[in-house]
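A.B. asks: The active site annotation in Swiss-Prot covers Ser983, Lys1026 and is backed by sequence analysis. Feature annotation from Swiss-Prot assigns ATP binding site to Gly594, Pro595, Pro596, Gly597, Val598, Gly599, Lys600, Thr601; the stated evidence is sequence analysis. The compositional bias 'Basic and acidic residues' feature in Swiss-Prot is assigned to 80-101, 142-152, 815-831, 846-856. Annotation comment: Swiss-Prot describes 122-141 as compositional bias 'Gly residues'. Annotation source Swiss-Prot lists compositional bias 'Low complexity' at 832-845. Per Swiss-Prot, domain 'Lon proteolytic' is recorded for 891-1077. Annotation comment: Swiss-Prot describes 32-152, 273-329, 808-858, 1085-1107 as region 'Disordered'.
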Amino acid sequence: MLSRQRIPRILASRTSLAHSIRSFTSTTSSIRPVAAAGQHAVTRPRHERPTNLSSFSTYTALGKKNDKGFFDNSIEPLSEEERKANVEHAEAEAKEAESKQAKSKSSTSDAPPPAPEDGKAGAAGGSSAGSGSGADGGSGDGGKRGRKPGDKALAKPVVPEIYPQVMAIPIAKRPLFPGFYKAITIKDPNVAAAITEMIKRGQPYVGAFLFKDENADDDVIRNRDDVYDVGVFAQITSAFPMNNQNGEGASLTAILYPHRRIKLSELIPPGSPEAASIDGAKEGAAPEPVPEPIPKVTDESEQKGDVVASFEESAVTPRPEPSQKPYEPTSFLKKYPVSLVNVENLTEEPYDPKSQVIRAVTNEIVNVFKEVASMNSLFRDQISTFSMSQSTGNVMAEPAKLADFAAAVSAGEPAELQEVLSSLNVEERMHKALLVLKKEHVNAQLQSKITKDVEQKITKRQREYWLMEQMKGIRRELGIESDGKDKLVEKFKELADKLAMPEAVRKVFDDELNKLAHLEPAASEFNVTRNYLDWLTNIPWGQSSAENFDILNAVKVLDEDHYGLKDVKDRILEFIAVGKLRGTVEGKILCFVGPPGVGKTSIGKSIARALGRQYYRFSVGGLTDVAEIKGHRRTYVGALPGRVIQALKKCKTENPLILIDEIDKIGRGYQGDPSSALLELLDPEQNGSFLDHYLDVPVDLSKVLFVCTANLTDTIPRPLLDRMEVIRLSGYVADEKMAIAEKYLAPQAQEMAGLKGVDVQLTKDAIEELNKSYCRESGVRNLKKKIEQVYRKSALKIVQDLGEQALPESEALTEEGKAAQEETEKKKSEEAASGETSSPKAATEASEKETTEKPRVAMKIPEGVHVVINKDNLKDYVGPPIFTSDRLYDVTPPGVTMGLAWTSMGGAAMYVESILQSALTSKSAPSLEITGNLKTVMKESSAIAYSYAKAVMAKDFPKNRFFDKAKIHVHVPEGAVQKDGPSAGITMTTSLLSLALDTPIDPQIAMTGELTLTGKVLRIGGLREKTVAARRAGCKMVVFPEDNMSDWLELPENVKEGIEGRPVRWYSEVFDLIFPKLDREKANKSRIIEDDKSEKEESKKKNDDDE
C-alpha cells in the first residue's frame, strides 16, 4: 500500500494527453442509474450503448478499443520503474503500519487529492469506474512531482489490491457480482453523509454484503450474523440525492461497481469501543491536497446528467510532505455511526481450463442462454452486451465470469445467488449458476406461454374489429344505409357493460349478441333474439338497493301504517337487527296467516318501506299455469319470463321485497302444479341459482325477501309450508278495531270523500255500533267500507243542502275544460247541420270523447257546515243493523250449548242444539240424527260425544236410561256454512248430557275442546279468535283445554278483560263446571213411560169419550 508521501513518485505528469483524456472523460463522466431491480448500468458512449436495458444490467467496464484483457484495470501499462516503486513503497508502508498501529487491523491507502467544490475530484489512489474507460472506469492525473517534465505518459490509478478495512453496506434481496453495476438507495442520513465524504476524499470503496433476511431493510450492519460473510469489494462510481415519495427528507442513490470477492473477518459496528478508542485527530493530521483547477469541457451529455458526485481526471498538486503520522484512509469514518469491517480478499481456486466437466457445463450454460434469449428479448440484449465486453470472443476462456454473469441476470432466490457468490471452486460455481439459470429458463417458458395465449386472444379480437371496420367501410362506399341493427348491437353492449353479469350469463349474452349481429332484421329469429337480449340486459345483475337498518325508523314506519300486529313487527325488527350486526341480510321467506282484512297484504308494503327495498306484489290465487312462475320456453310465440323475473326487471334491484298473495288458494291444472314450482323459488338453499325457462340462465334470488299471505294453512302443501316461516295474524277485538277506525280508517275515508278540513264528526259510539251491528268479522275491511259509506253519504247531503248555486257547472270548469267542452259542442252542431246519421262506431267514439275527464275546480265548503254521525242517526247513513246479537238464546233450554268456532273470518259463537224426537217409552228405539252441514271430522266428533255421554249416564246415573230409548236430533245452526274441525267434542257432549239430565246450561258459558272416548280434552287452535267471539257474544266464562294455557297467557289483557278462563284436562272437570248444582237423585230417576200404565190411561180416556 502506498502512503501519501510516495504519491508524487508514482503519478507522473501526463500533460501531453490532458486534453484528449479530458475530452474522452467528459463524454462518459455523467453516470445515471438504471431504474430497474438487480444490477444497474450507467450511461455509456453512443457507440457502445445497447439498444435495450433489462432489469439486470450486464454492462461491464469497457477498456480501450484494442484492449485484450477482460475487465482490465488500466488503460495503459505502467513502466517497469513505476511498478518497482509501487512494490517498495507498499512494503515500507506495511512495516510502518505494523509497528505504529498494533491494535488496529485496518491498513492505510493512498491519500486522495482534495475534492473541488462541484463534487468532482481526480482519484489519486483509485479511480471511478463509471467515468472512464476500462474496468476501473475512471482516470486521475496526479501531481507532477517526481516525474520529469518531458515524460508525457499517462498512468491510470490502480484500484487498491489490499484494502483491509472498509465501510460495510448491507444489501437486500440479491447479492452483487464482480463486474456488474448495481444501484442502491441509502436512507440513513449518517451513511449518506459518510459516502459523500468518502467521495470527496477520493476513497469511494465499500464492502457489500447480502442480508440473510429477505425482509431486512437497513443501511448499517448491527450484527455479523445478519449478513453472509462473503461479499464484494465495490467502488462507488457516482452518487446523487433523491427525494422520498412522501416528500419528507431525502435519500442517496449510489451506483456500485464490484471489483472482487471479499470475506468479512471482523465487524466493527457503530458505537463499539474499538471505534470510539480511535483518536479523531488522525483525520485532522492528514495533509489536504490542493487541487489545481483545469478547464472543463462540457458537452450535451454532461449537461443532461444529474450526477452529484462523479470522478474525472484532474491535476493535483500535493502539499509538501508533513511530519505527521501516516494517513489512514478510513479513519475519518469513525465519527459516523456506520459499520466498518475488516476484510480479506478471496481468490478462486486453481482449475484446469481444459477440464471436460467445465467445458460441458459451459456449453450447457451457453445453450440455456440461447434458449432463454429466443424467448425473452431482454436476455438477448444482456447477452449481446456481455459478448461485446469480452474482447477474447471465447466464453470458454472465462468460465468464472460466465458463471457470475449467469447468476447476475437470473431472478433466483437470494440464498441460491449467494451460494454462487460464495463458491471459490469454479466448477462448483458453474454448477450452481447453471441450476439458477435453469429455473430462469422454466420461468421464461411459462412467461412465453402466457404471452402467446394473451396475444392469440388479442389478435382474434383485433381481427374481428378490423373486419367489422372493413365491412362498415364497404357499406359506406356502396351507399348502403344502416338498418339500425348496428345501433341495436351497440345499445345492448352498452347496457351489458353497466351490469355485473356472472361469467355464465356473459357467455350466453355474447353468443346471442353475435347471433343477432349476423341475422337479417326480417328474419323471425331476429325478433326472438332481440327480445331475449332485451330481457337479459334489463335484469339488475349485481345492482342492489341500499338497505335501511335503522330500528327507530322501522318502528316509526310500521306504527304509522298499522295498529297492533306486535308479532309481525317484532319479527321484522329482529330481521333488521340481524342485518345491522352482520352488515348484510339474506333473503327470507315469511308467510302471514290470518283472516281477511287484518292487514296481511298492506303490512308487506310497510316492511318494504321500512327496509328501504323496492316492492312488488303478485297474486297466485287460482293460478294453474306453471309458466306464470317459471316462464315460457322461447320457442313459443309471445313467450315471457315468469313473474319473479318480471319483478326484478320492474324493481331494478336484486334485493326487492316480493309479496306472493293468496298462496293458500293456488290451483292445479293440466298445465302443471304451480305449488310445486314454488318449492324451488321459496327454498333458500336452491333459489341462489333459480332457472327461469325463458332466460335459461341461473338467476340469484337469495337476496330477495319473499312475503306470502294466506287465510289458512290447511290447503298449503306440506313441503311448501315447511319452507316458510309462518306468522299468524289473529283477528282484531272491538277495542283494536275502534282504535284503527279512529286513527287510520276515518281520516282516510274523509279525505277520499273530499271532506278534508270539513267539520264532519264520526262519534265513538257510532263506530262501536258499526263494530257490533254491522261489522262483526275479525278484520277491518268491512268496517272500512262502512266508514267510507258514511262519509260519502255526508258529502251527498252537504252538496244537496248547499244547492247547485254554490258552484254552478259553468264555473266548475277551468279554461282547459271549457275549451274541450266547446270543441265537443261544435262537433255535435256540425253533425246536426250536415244531417248525416252517425254510425255506431262514430257514436261510440263521440261518447268516449264526451266521457273524457275535463279539468274542474274543487268545490269549497263553507265553514258553517257541521255534520255529526252518532249512534242514533247511523242507520240513515248505512241502513238498519245487519246483526242483532251473536247470542241466539238469552236463556238456553236443556240441550242447547254455546261452542266456539275458528273460521277464515275469525272466531264465531257456534251453538249446538239437541232435542228428543219422541216420547221415551219402553217400545221406542234409540237413534241419533245430525244436521247442520257438518263435514267428516265433526261427524266423528258427534259420534264420540254420543258414545261418551252414554258412558257417563251409565256410570253416574244408571237408573236414568235416557239413551236406551231416546231418539235424538243434534243440529248446528247456520246450515249454509260448512263446518269442520276438531274442537266441538266437549260442546256436543255437554249438549247431549244437558238433554239427558233435563238441565239447562248457563248461557254465559262458552266452551271449546276436542274429546276422546276416555274423556281426555285435547288441544285446539285459534284460542284468541274464539275468545274474541266469546267476548262479543257476552260470555263471562270460557272453558278450554289445559294444553292451551300458554296461548291464554299470551292473550292481551284487553282481550281477556271481563272473561274468566277455565282450563280443563278431563271432561269430568267440565261436568262439574257446567252442572254445579245438579240434583243427582232426581237426575238418576228414569224418565221412561211404562207400557201397561199408558194402555190403562188410554182405555179410560176412551170410555170417558163414549159416555
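Note that Cβ sites are derived from N, Cα and C of the backbone, with glycine treated the same way.
Since the structure is predicted, the reported quantities are computational estimates derived from the model, not experimental observations.
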A.B. asks: For the recorded ATP site, whose residues are Gly594, Pro595, Pro596, Gly597, Val598, Gly599, Lys600, Thr601, find every other residue on that chain with a C-beta no more than 8 angstroms from the centre of their C-beta atoms, and list them by sequence position.
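C.D. replies: Other same-chain residues near the ATP site: Phe592, Thr709, Asn711, Leu729, Gly779, Arg781.
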A.B. asks: Suppose we draw a 10 Å sphere around the Cβ of Gly599 (ATP binding site). How many other Cβ atoms does it contain, all chains included?
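C.D. replies: Other Cβ atoms found within 10 Å: 24.
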A.B. asks: Rounded to the nearest Å, what's the C-alpha distance separating Lys1026 (active site) and Ser983 (active site)? Just drop the number here, would you?
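C.D. replies: Here the two Cα atoms are 11 Å apart.
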A.B. asks: Quick one: average pLDDT across the domain 'Lon proteolytic' (891-1077), no decimals.
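C.D. replies: Residues in the domain 'Lon proteolytic' (891-1077) carry a mean pLDDT of 89 in this prediction.
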A.B. asks: Which one, from the binding-site residues Pro595, Pro596, Gly597, has the smallest tally of other C-beta atoms lying within 10 Å of its C-beta?
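C.D. replies: Minimum Cβ neighbour count within 10 Å, taken over the binding-site residues Pro595, Pro596, Gly597, occurs at Pro596.
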A.B. asks: Highest CB neighbour count within 10 A among the recorded positions Thr601, Ser983?
C.D. replies: Ser983
A.B. asks: Could you state the whole-number distance in Å separating the C-alpha atoms of Ser983 (active site) and Val598 (ATP binding site)?
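C.D. replies: Here the two Cα atoms are 24 Å apart.
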A.B. asks: Among all protein chains shown, how many Cβ atoms are found within 10 Å of the Cβ of Lys600 (ATP binding site), not counting that one?
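C.D. replies: Other Cβ atoms within 10 Å of Lys600 (ATP binding site): 26.
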A.B. asks: Among all protein chains shown, how many Cβ atoms are found within 10 Å of the Cβ of Val598 (ATP binding site), not counting that one?
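C.D. replies: 30, counting other Cβ atoms within 10 Å of Val598 (ATP binding site).
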